[in-house]
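For reference, the structure is listed below as structure tokens.
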Amino acid sequence: MNTNRVLFSKENVFVYPPEIEKGIKGTISLCSLDKGSIFLCWIPDIEEKEDDHSSSSSSSSSNLQSPNGKNPLAASTIIEIDDQNSWVVRVHVKELKSIKKYTPNIGTPYIIITSKKGTAFFPFFFEHGGVREFLKSLSSIIHLKKSNLDSNFFTVVDFSDPVQRSLSSMNLSDHFYNSNNKDDLYSSSSNSSSNSGNSNSRKQKDPVIPDFNDDLTFGHDMDLHNQDQEKEDRYSLLSSTNQLKKAQEISVLSSPPSSSHTTSISPTSNKSSSFINIGSNNNNNNNNNNNNSSVSSSLSKSTNGLSFSSILSRSTSPSASTSPIPIEKSGNNNGSNNNNSSNITSPIPSPSSKFLSASGGSDNENNSNNTNSNNNSNNNANTGSLSTSPTNKRALKREISSSIFDNFAKVTQLAKSAQKNIFEEPAKRIDNHFRNLIGSKSSIGSNLSPQNANNQYFDILNESGSSLNASSDYFTPFNISSLNFSIELGANRRECNPMSPSEWYSYFDDEGRICLANQQILLKKIFYGGIEESIRQEVWPFLLGVYSFDSTYSSREVVKYEKTQQYQTVKRQWESISCEQESRFSKYQSRKLLIQKDVIRTDRLHPMFIQGEDDIDSNENLRLMRDVLLTYSFFNFDIGYVQGMSDLLSPIISVMGGVSKEVECFWCFKGLMDRLESNFHKDQNGMHHQLSTLSKLLKFIDLELYTHLEANNGGNMYFFFQSVLICFKREFPFHDVLTLWEILWSNYMTKNLPIFMCLSILIKERNQILDENMAFDQILKLINEKANRMDLEDILVDAESMVRYFIIKQMSIDTDKSLIKLKESISIY
Amino acid sequence: MYSFLFKYIIIGDTGVGKSCLLLQFTDKRFQPVHDLTIGVEFGARMITIDNKAIKLQIWDTAGQESFRSITRSYYRGSAGALLVYDITRRDTFNHLTCWLKDARSYANSNMTIILIGNKSDMESKRAVSYEEGRQFADENGLIFLETSAKTASNVEEAFVNTASKIYEKIQKGDFDINNESFGIKLGAPTSKQDGTDQKPAGGGCCK
């Protein structure tokens, strides 16, 4: 039960199915169900006012339940509608293929999501904004790759799919996705194309591609209209068979509904709605046998045949109650409608369909709890403002003009950088519309307000995400376990073995490159599992930037040669200082002395660094350490040598294998120093900056603890000085440090993981600190004593939870200036 | 339980033996090679002065100048400071002025400072004479001792003499004992019935 949680949730997201004039207000969310499957859900708020819908919308509701099993091509996706007006979308994030976002200057931003089966959902209109946040959340779960051609278009990169991986490695992905997407776009846009707010003004389109815009009545956004045309143009340019095939699919899928949106149960309109009712197929096993008035029961029966076991399996677990499907509406409707709808819904199910549904009688009971819905929302849906955006049009035209071959030629951008772009887009880019509408901070907490509790979906959310259910921006007391990320992330970590040699080698292409897509898999893999010891020596130089991932075997040889030369040159600079010279070069003398002094007291218990007769020369590895440090102090003279560097170097020497790899040791060390240089600045600005970021982060996450520390001279966070300076080198056993560092270097999600680790260490002790009213010195002692007694995995899991929490939370309080500042100091990828 | 808790800070150039002094004092052992200190480390021991149990809580700081901005923050709230130099390294003695200046500007004015010339066992390598050390101490109003963390010579004395001096100052009423910024805390009375003193400060630190 506790394993279900909401990773993101946004209210006031509307869908405008053709049959429903006013659109349906709902909540879009990303939620993780047990076993770690993450679903994208959209669930309608319950429901329209009854009088509203007993009249006109009753008929439309029956539309929605039309036997959508008629379309074999639409059988894939996991969408279902259930009862009157209750549309539900639930799709496993892995089923997503692409997302197109539209953020018109005026009007409601919306997104169009397509599934891997090529099905486009109805556009989701974020009436109160939140598209960016949604994408951000989503991309923290799956890899989103921004299209080269359209910065608003994102494809989902599925690294687990070998085909996609190899495609991606061929740098074709963009084209590939785009080409697929064009039809998706088309189809979705045809869904979404606007009638300028007037359902009568029809616009006939490409005859091949049926136009059922007419059924859509949203007066939201003229922009859509234009874009739609653009896409139509674009569609005509499509040439690949794939695309054509898709087009056919679409034409089947969306045979033109001649009927108006008021039609009831007309086959055509059914077809159009099949776009959403994809969960069905032609095996209408259950046919119209179920004349129950209880829609949900028929649904649950139908689910028995479903093959999408990952979803179904949940139905028996308590999480099933999250399953939005059977939103029992019958109580609100008049009997005839009920009968109608049940007749229609019953055929939906089919063995192969993946549509979501909660099965089992318990669900029905649960669902019936939801009948006491109060919904008045849809009224504001139609009132969106209209605008045309010529720029958009132009941009799209440009896009069209770029040929497929251009696409081939284009080197794909890193999906990573796409993600980065999403995240690092300045806060001001956030939709003004959103700001205007929201007016104030919208927080996850408010999204999960108890008012939503009558939505069964949120019942669970509230249960599992109770910690998010706070009214303020700050949550106190903070309990990390309540975040509920931990379990899943912990599982991630436990299940992920260190990267094996064979896996490592499998990432290289013939010439020795690791393509972008593979890099991402690789880094993610390292983030969760580290590296097997036997290949650290090979992998570390890549992680530390000695070699770039896209270098070839031969180019690396060149680099190696050059770096060797460079190293020798710098090394000779100090080696050539004679004793006589040295005696008059006190700065060098003392630097050398200090290094020698520190080298012998670095990891002096490690077998490689055990010192002989009080003499550095007794151990070649100690000599190596001195040489590298001294050379680095010449290579980077401004920084010189600062204590702590030897701690950073010794693991590198141990991994690289000692003296025979002197050059590699140096350049790896240099790479590490590039990451950490600011820690060693004389003014220690880097350290102060990080510690103050930590403090701000703590304030953001655990105000009570923060306040306590502030009042007890602990606001400076100095007890983490050593941890941050040398990346927990002394806080964990040597072998753990190697793993930890790989994890940090993977840069997965954030560069600032150490800060989040500090945070998780601190928060683990929060109760003791607060209960015992600990002052700074006591906390310092407490933290110092934790060294080598902490479970790395545990800390990492918590730290990752907090990164994710931060990502989600920061999006919801964009207006907080201090938070924006904080966001600037933390780089989230 | 203790009557008083005194906070000490150990300062001085890197490699003069600060951590070794602390280890010798708290654990009565010598480690020829000690991990270099980054940031701040921590030690504690009970001593007795005038039949009173006194807990010494000692902050051992990193010596390198780069960490100065961090270590400075530990001056505040210290009752005593051990300023250490290495009698075999002249430069560590030459830097004393700097250290003292730092201590004077960041510590409370009542802080008791003892100057320690460490490594007195290495007579053959001596680079700073006893007299020089003595003189510097006298000129600056510091207690002075030469110690050897290796042989434990004068180590106990260094810590205890400082404590005595602080205790003296307390007796004279130089401190507002209730003001913790002086680095002195009143322990819980041995008979735990004084309700007013119910907060045995630092009591948690007692093993």
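Including glycine, each Cβ sits where the backbone N, Cα and C put it.
In Swiss-Prot, the motif 'Effector region' annotation falls on B:34-42 of the listed ranges B:34-42, B:43-51, B:160-168. Per DSSP, the secondary structure of the motif 'Effector region' (B:34-42) breaks down as 0 helix, 3 strand, 6 coil. Filtering the binding-site residues B:Gly12, B:Gly15, B:Lys18, B:Asp60, B:Lys119, B:Ser148 for a Cβ under 8 angstroms from any Cβ of chain A leaves B:Gly15, in order along the sequence.
Comparing local CB density within 10 A for the binding-site residues B:Lys18, B:Lys119, the maximum falls on B:Lys18. Once Cβ contacts within 10 Å are tallied over all protein chains shown, the binding-site residues B:Gly15, B:Gly63 are led by B:Gly63.
Note on the motif 'Effector region' (B:34-42): mean pLDDT across this stretch is 86. Under DSSP, B:Asp60 (GTP binding site) is assigned to a strand (E or B) in the three-state scheme.
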